[in-house]
Amino acid sequence: MSKGTSSDTSLGRVSRAAFPSPTAAEMAEISRIQYEMEYTEGISQRMRVPEKLKVAPPNADLEQGFQEGVPNASVIMQVPERIVVAGNNEDVSFSRPADLDLIQSTPFKPLALKTPPRVLTLSERPLDFLDLERPPTTPQNEEIRAVGRLKRERSMSENAVRQNGQLVRNDSLWHRSDSAPRNKISRFQAPISAPEYTVTPSPQQARVCPPHMLPEDGANLSSARGILSLIQSSTRRAYQQILDVLDENRRPVLRGGSAAATSNPHHDNVRYGISNIDTTIEGTSDDLTVVDAASLRRQIIKLNRRLQLLEEENKERAKREMVMYSITVAFWLLNSWLWFRR
């Protein structure tokens, strides 16, 4: 018996020495890991909110207090179904805010928004700010509007004719008709008859004449009509300058030599007479102003495109000349080097 008891005591000592008891910190770490694993498993597998969250370390008194209904032991997790503003003007500390009542009682007016277009094309219609002041519909306005439509259609047809080279032929006819009378020609007069040629002035020249500037047009810039008249006059002036430059550049090509240095007085007299008659006959209606401004704007856009094409052609020609010059210089340098090597 003594041997058995001594052996048991020796085994207990060896086991205690080989496997020491865990400390309090190790026990706390083990419990924390176990709690985290259970918490993660409950969230990931069962997908539910935990019933409670402990706010104090585990203690027997707290557990007993929780069982007795003490609220300090844990916090019950409850997700509310809805959130309502506390108070209905019954409690002074939790009264209903006045801003909420104001927001709910204020009716919201719907806003009519128009989607802007992706592409703005000036050739289809004039700008919207030109139609701010529309006069009341009267028979006179209808007649003026019809005249404006006729002018627009006529200008479009004349643009097509000018693209086909009619302007060059008319210009040559002006110089070849020496027996024609040298007086002022109006759009509303009969065409000039000559023994060989018959020349009819183009109404397109009457549209490119300088505008008739009234003194009140420049001063009355506070109204929309004054702004429209200023835009029209400045646009016509710029367009006339561009046409003069193009005429000067075109004269050496069409007539060449000495004819390019001198201008045609008959042509200048005709243009001057047409400009004077046009300034006296042209009305002051808003519709005609809008039509003229839109047509002049389209013509200026076309001229700008032509000038851009000419500039691009000049740049390409300069590049080609530079490349050819470089190739020529390199060729002669190579030939000279080979000649010196011999």
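Cβ atoms are placed via backbone N, Cα and C, with glycine included.
Feature annotations, reproduced from Swiss-Prot:
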type	residues	note
TOPO_DOM	1-322	topological domain 'Cytoplasmic'
MOD_RES	T115	phosphothreonine
MOD_RES	S155	phosphoserine
MOD_RES	S157	phosphoserine
MOD_RES	S172	phosphoserine
MOD_RES	T200	phosphothreonine
MOD_RES	S202	phosphoserine
MOD_RES	S229	phosphoserine
MOD_RES	S233	phosphoserine
COILED	291-322	coiled coil
MOD_RES	S295	phosphoserine
TRANSMEM	323-340	transmembrane segment
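Rounded to a whole value, the Cα-Cα separation of S155 (phosphoserine) and S229 (phosphoserine) is 20 Å.
The two recorded residues, T115 (phosphothreonine) and S295 (phosphoserine), show a Cα separation of 27 Å. Ranking the modified residues T115, S155, S229, S233 by the number of CB atoms within 10 A of their own CB puts S229 at the top. If you take the Cα of S233 (phosphoserine) and the Cα of S295 (phosphoserine), they are about 13 angstrom apart, rounded to a whole number.
S295 (phosphoserine) and S229 (phosphoserine) have their C-alpha atoms 15 Å apart, to the nearest angstrom. When other Cβ atoms within 10 Å of the Cβ of S295 (phosphoserine) are tallied across all protein chains shown, the result is 20. DSSP classifies S233 (phosphoserine) as helix under the three-state reduction.
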